[in-house]
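First up is the structure itself, then whatever we jot down about it.
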There are 2 protein chains.
Amino acid sequence: MDETERTRGVVSQYFATMAAREWDAFGELLSADVVYEMPQTRERITGRTKYLQFNREYPGDWTATVTRLIVDRTTAAGSMNFTVGDEEMVGLVYLELADGLITRITDFWPEPYDPPTGREHLVEQVVSATDRIS
Amino acid sequence: MDETERTRGVVSQYFATMAAREWDAFGELLSADVVYEMPQTRERITGRTKYLQFNREYPGDWTATVTRLIVDRTTAAGSMNFTVGDEEMVGLVYLELADGLITRITDFWPEPYDPPTGREHLVEQVVSATDRIS
């Protein structure tokens, strides 16, 4: 199996075990020194133990659906539609692997904003899309 | 050349010609019916002509640096650090290709926000990172 397909298997399991809250199986995909980063808040979590605790403690009755998975040797990018109660969000994630384990995860949570003026002659407003941003 | 490497070449040129504002060469990478989407504002631009005009007219003295490029057959994901005047932003983009041309582009612009409380025992604050979010 080539490197890209090995990574695809691990990252697919990452999303599947997250969605199912199977945290023991989720943890087996992570390197002991995994780094989890959220650039928007400048937060970083270091190590499998803390990152697992972060996920176990994460509040809210959320569900997640993968909408994109792009895999390239030992890196991957994914996107997810999240629902937390009445709120719908999109999560964008970049992953890096070494020796078949996830070593770095970078998460982004883009929020809706009002479109700037001056480009109305070029754009149309979309009601629904792949990405669930409410 | 396999499909992934062909896509890598086209998408690399997409970012290079954008950064250089070489809009004619940039346009040659796009299908005539290319769709450009910004889910955060629910905006969509349809067609090479309008998308080129959007880029040519885009205001501000911006510079862009690619920080990630992940390519998988006919799809790709990238991230960029943007500087517009004093403002620093991160742009995240997903691309889809057919017959060696870009058919769909989805752009996200995640903004900084305050970290929620309750996870201080797990996180540290990062001063600098790959992703330039000021």
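Yeah, the Cβs are placed from backbone N, Cα and C, and that goes for glycine too.
According to TrEMBL, the features are:
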{"type": "DOMAIN", "residues": "B:11-105", "note": "domain 'SnoaL-like'"}
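Summarised as a single figure, the pLDDT of the domain 'SnoaL-like' (B:11-105) averages 96. The residues of the domain 'SnoaL-like' (B:11-105), classed with DSSP into helix (H, G, I), strand (E, B) and coil, number 24 helix, 51 strand, 20 coil.
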